[in-house]
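This report refers to the structure that appears directly beneath it.
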């Protein structure tokens, strides 16, 4: 743990983010985890700065004293005296050794190089044109930047005078001139073009209970899926009415596994089709942006056409209902095999391609959370593909199979109103996700989490087989609801969907282009990272409005199942627990990333998910 250089309360010079200008600031605190200093400028602005962006006042005062000692009168007297002496005979009382003379010349050359670099930066930045900054939707005045540049130029005048004197009296050999030009050229290239590369470090803070917790989850999650599906098959699906364990041979069917593989690779073919636009994701730690083809909605339409053809040729789609348990086991086995492959290939991945949250060095933890951030086979992104395609589209197909199974088992000419509501609400949710597919590129699943057992099992098993729990429950436990109740539930779902969609759109648009004129009415808190924290709109109402919309929709999906059993509401309970965990994780991540700006945001927006409650 490196020791801190500046103490609380110390007055230092802090660099303004995105510029070369230093201002007098006061150190208020220090974050030992993020290694960031919180400083306060004279105008009251507080920012989190790195130690490399802070200098002591003595370094600036030293330059000032040097410039004041080199007054024109002294330089003039020195020149007049030097003309009367022989160049080879030093003045009395001012003799220097050869090493001292070289050091003196090196200091002067260094001063000239720093001066040239600073002037170059001033020319490149053009503060009056490009260095304006939006704060709460208003552009910052350029007058302040211009004044700062004038002050900087005045501070550099003594160095320019030194340069003029050295050139006039030819105090440098020509080889030094050539060397200076090379250094100047290198620095110019660095300032204008070269990005700063960041290499991921080892994961220090372990989530999910660390190694023991992740190992437990790897056993608990498949057991939970098996328990819920067996419970739905019972006449009395009470949570405490443990179902008998089926024979192991009844859980596996080679034909079912073949159908699952066919489904997975069919979606992979749809993913590879050259249709849909190609967009770039957010910058990686190296500054590189990966490309993604946005064609999930087209894949959904092609899947719908394929299912329509199967139904036209009298294919019994309720085959999914009859072998639902075997399909879940097949998906679990496949996700485990995929996770093993992902971990083995991640061992050969470069350090900068590893996930920041899955690089702990512990096998179980990294295997669960995902060791590699964006595993790809050529242009085929495995994590991005599994995020929306096989599981999410499969969820809609499973719901349709449950609807047809209900009609067949109960001899209905039309599905029940409850089944129609569940299918419609969840169909809307999936179509919305695929229509707004590009938005998933800004989520933590893509930008932060690696692809390991957690996401593989979640995308391929948990989403299609647990999220369809309400439809599966209604097949064996039909529930009758009235039209007024159905209307009320529909209104509730629409409210949740509106909050969910508008909040996500607001966030994604702001992340993509904060300068969009459509977002001019939004106010935000600037951070040291260059990003802003929205404090108006939905994100000024609660800190995670998208989670609030999710929970309201989850409740609307469960209400058509009635209140005879709590099993259909397992999804709501699980969803609340999941989002509370994610919220706590986001809070910790944002506090480390944004520092004091996040504390100011929390003061402006005190409620996390539920207004006036939590």
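Just so it is clear, glycine is given a Cβ too, placed from its N, Cα and C backbone atoms.
Among the features that TrEMBL reports, domain 'Tudor' is placed at 4-62. Here the domain 'Tudor' (4-62) returns a mean pLDDT of 81 for the predicted model.
The region 'Disordered' feature in TrEMBL is assigned to 53-111.
The annotation compositional bias 'Low complexity' is assigned in TrEMBL to 66-75.
What TrEMBL lists as compositional bias 'Basic residues' is 76-97.
The feature compositional bias 'Basic and acidic residues' is assigned by TrEMBL to 101-111.
Annotation comment: TrEMBL describes 212-231 (among others) as transmembrane segment.
Annotation comment: TrEMBL describes 251-273 (among others) as transmembrane segment. Within the chain carrying the transmembrane segment (251-273), a Cβ under 8 angstroms from the stretch's Cβ atoms is held by residues 293, 295, 298-299, 302-303, 306, 323, 325-327, 329-331, 333-334, 380, 385, 389-390, 393-394, 460, all 6 or more beyond its ends.
The annotation transmembrane segment is assigned in TrEMBL to 294-313 (among others). Residues 266-267, 270-271, 273, 275-279, 388-389, 393, 396-397, 400, 430-431, 433-435, 437-438 of the same chain lie 6+ residues outside the transmembrane segment (294-313) yet bring a C-beta within less than 8 angstroms of a C-beta in it.
Feature annotation from TrEMBL assigns transmembrane segment to 325-344 (among others). Nonlocal intrachain contacts for the transmembrane segment (325-344), taken as residues 6+ away from its ends with a CB within less than 8 angstroms of a stretch CB, comprise 222, 225-226, 229-230, 246, 250-253, 256-257, 259-261, 264, 366-367, 370-372, 375, 382, 451-453, 456-457, 459-461, 464-465.
Tertiary proximity for the transmembrane segment (455-475) is limited to same-chain residues at least six positions away from its ends with a CB under 8 Å from its CB atoms, namely 221-222, 225, 228-229, 232, 237, 264, 321, 324, 327-328, 331-332, 334-336, 338-339, 342, 370, 383, 386-387, 390-392, 394-395, 398-399, 402-403, 405-406, 409, 416, 418-419, 422-423, 426, 445, 449, 557-558, 560-561, 565, 567-568, 570-571, 574. Look at TrEMBL and you will find 455-475 (among others) tagged as transmembrane segment.
Positions annotated as transmembrane segment by TrEMBL: 481-500 (among others).
What TrEMBL records for 521-542 (among others) is transmembrane segment.
Per TrEMBL, the feature transmembrane segment maps to 562-581 (among others).
Outside the transmembrane segment (521-542), and at least 6 residues removed from its termini, the chain residues within Cβ reach (under 8 Å) are 17-18, 36, 47-49, 133-137, 499, 502-503, 506-507, 510-511, 514, 548, 593-595, 597-598, 600-601, 604-605, 607-611.
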